[in-house]
Amino acid sequence: MFGIWIAALLFLSTSTGKEVCYERVGCFRDGLPWTGTLSRELAGLPWSPEEINTRFLLYTRRNPRAYQEISAVNYLTIQASHFRTDKITRINIAGWKTDGKWQQVMCNVLLKVEDVNCINLDWINGSLEYIHAVNNLRVVGAEVAYFIDVLVKKFGYSPAKVHLIGHSLGAHLAGEAGSRMPGLGRITGLDPAGPYFHNTPKEVRLDPSDANFVDVIHTNAVRLLFELGAGTINACGHLDFYPNGGKHMPGCEDLITPLFKFDFNAYKEGVTSFFDCNHARSHRFYTESILDPDAFIAYPCRSYESFKAGNCFHCPKEGCPTMGHFADRFHVKNRKPNRSYYFLNTGALSPFAHFSLFRCFSNSFMKNFILQCVIKHVTISEFGTKDLFTSTFFKNYTGPSAREVSHW
């Protein structure tokens with residue numbers, strides 16, 4: 001009963017029912033589901049488009065180094081730019097107070113591989129404080145939808161040719177845009193933010209209905225913030241990838257050792273780098289995947305524990321997807337409902353992609369025996385193949401008589 005009273009007080013104190021309306025992007029309320037839930041007690045109303053000052057910075061192969069700022073409000077800037085209506089458009093969307101460096105790297109790599117319109121979205125004015133960014137992404141998402149709508153109406157451009165790539169809060173921002181623009185081609189969520197988005201309705205967060213294809217990479221995903229994670233563990237897409245289990249990435253800071261050494265300054269610095277490193281691995285993995293279509297093969301599995309035990313190194317008849325840029329090659333319509341969770345391992349340093357070689361041995365000719373299995377993890381780069389580590393385990397086998405069951 002006490003819990004019910006607390007929930008009621010939270011609802012009455014935060015769900016005020018206020019509304020703001022802005023030209024071209026519409027009206028926004030601060031009631032349910034945006035405020036007044038256990039996940040969003042303090043969320044409120046977004047700022048105006050003028051205060052946020054969202055900018056669309058275009059890079060193409062004709063201007064790979066210097067952006068052209070284009071605007072849907074003045075669509076003549078699009079007409080006068082190097083934007084090509086016969087090309088795919090990829091829009092990179094940053095999250096909370098990001099300086100945009102990863103977006104620039106992403107465009108550079110994309111333009112090396114494909115001839116596209118690469119747009120970096122700048123909404124830094126509205127994302128400097130986390131709670132303001134949570135509120136403001138609704139307006140920025142509406143701005144992105146308006147931009148695409150102008151492309152459709154003024155230039156005959158198909159929304160199916162638009163791909164939004166959003167990191168952290170930017171992933172949910174992309175979802176907001178997609179929910180307003182039917183027929184959007186693809187959204188890639190790079191470690192979608194957790195705080196204020198855990199267990200929220202689909203209207204609030206990224207979900208599969210926001211685009212024709214939604215793929216998600218989780219790299220710092222937890223259920224609660226005190227578990228030391230900035231992302232959400234919840235599945236948000238048609239395909240959800242959990243490299244290394246999706247929580248803590250190899251090569252990122254260890255927070256336990258400084259505590260045992262009573263080095264609290266190192267611990268404070270470590271907390272920041274820990275979040276930054278794990279959370280950023282999602283866009284680093286994606287960028288690396290652009291250069292190698294066959295890297296980051298992922299396997300459907302019930303859990304990461306089952307994956308580590310070697311139970312999931314078989315691809316179903318529809319195949320296994322690759323995490324990252326080329327995930328759209330996988331036929332989503334053929335996937336089974338219980339196979340939206342995909343696992344893989346990566347390295348601690350770039351190149352991050354692992355190739356897992358799986359082999360089992362037995363000295364028995366019986367149909368029922370115990371296999372000794374070895375998983376060898378290797379990386380392949382321009383310098384050749386490098387063994388990273390090998391894990392061994394035992395498992396029961398029932399099947400044709402054999403000395404060896406091999407996957408390499």
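Any Cβ shown, glycine's included, is placed from N, Cα and C.
Residues or ranges marked as signal peptide in TrEMBL: 1-17. The annotation domain 'Lipase' is assigned in TrEMBL to 18-352. The annotation active site, nucleophile is assigned in TrEMBL to S168. Taken from TrEMBL, the feature active site, charge relay system applies to D191, H279. The Ca(2+) binding site feature in TrEMBL is assigned to R205, D207, D210.
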Distance [Cα-Cα, Å, rounded] between D210 (Ca(2+) binding site) and the residue listed as 'active site, nucleophile': 16
Pairwise Cα distance for H279 (active site, charge relay system)/D207 (Ca(2+) binding site) [Å, integer]: 19
R205, D207, D210 excluded, remaining Cβ within 8 Å of their centroid (Ca(2+)): H172, G175, G178, S179, K202, V204, L206, P208, S209, V214, C236
Same chain, 6+ residues apart, C-beta under 8 Å of the C-beta of R205 (Ca(2+) binding site), given in sequence order: H172, G175, P192, F197, T232, N234, C236
Sparsest Cβ surroundings (other CB atoms within 10 Å) among the binding-site residues D207, D210: D207
Other C-beta atoms that fall within 10 angstroms of the C-beta of D191 (active site, charge relay system): 29
Rounded to the nearest Å - Cα separation of D191 (active site, charge relay system) and S168 (active site, nucleophile): 5
Between S168 (active site, nucleophile) and D207 (Ca(2+) binding site): CA-CA distance (Å): 14
Cβ neighbour count (within 10 Å, all chains shown) around the residue listed as 'active site, nucleophile': 27
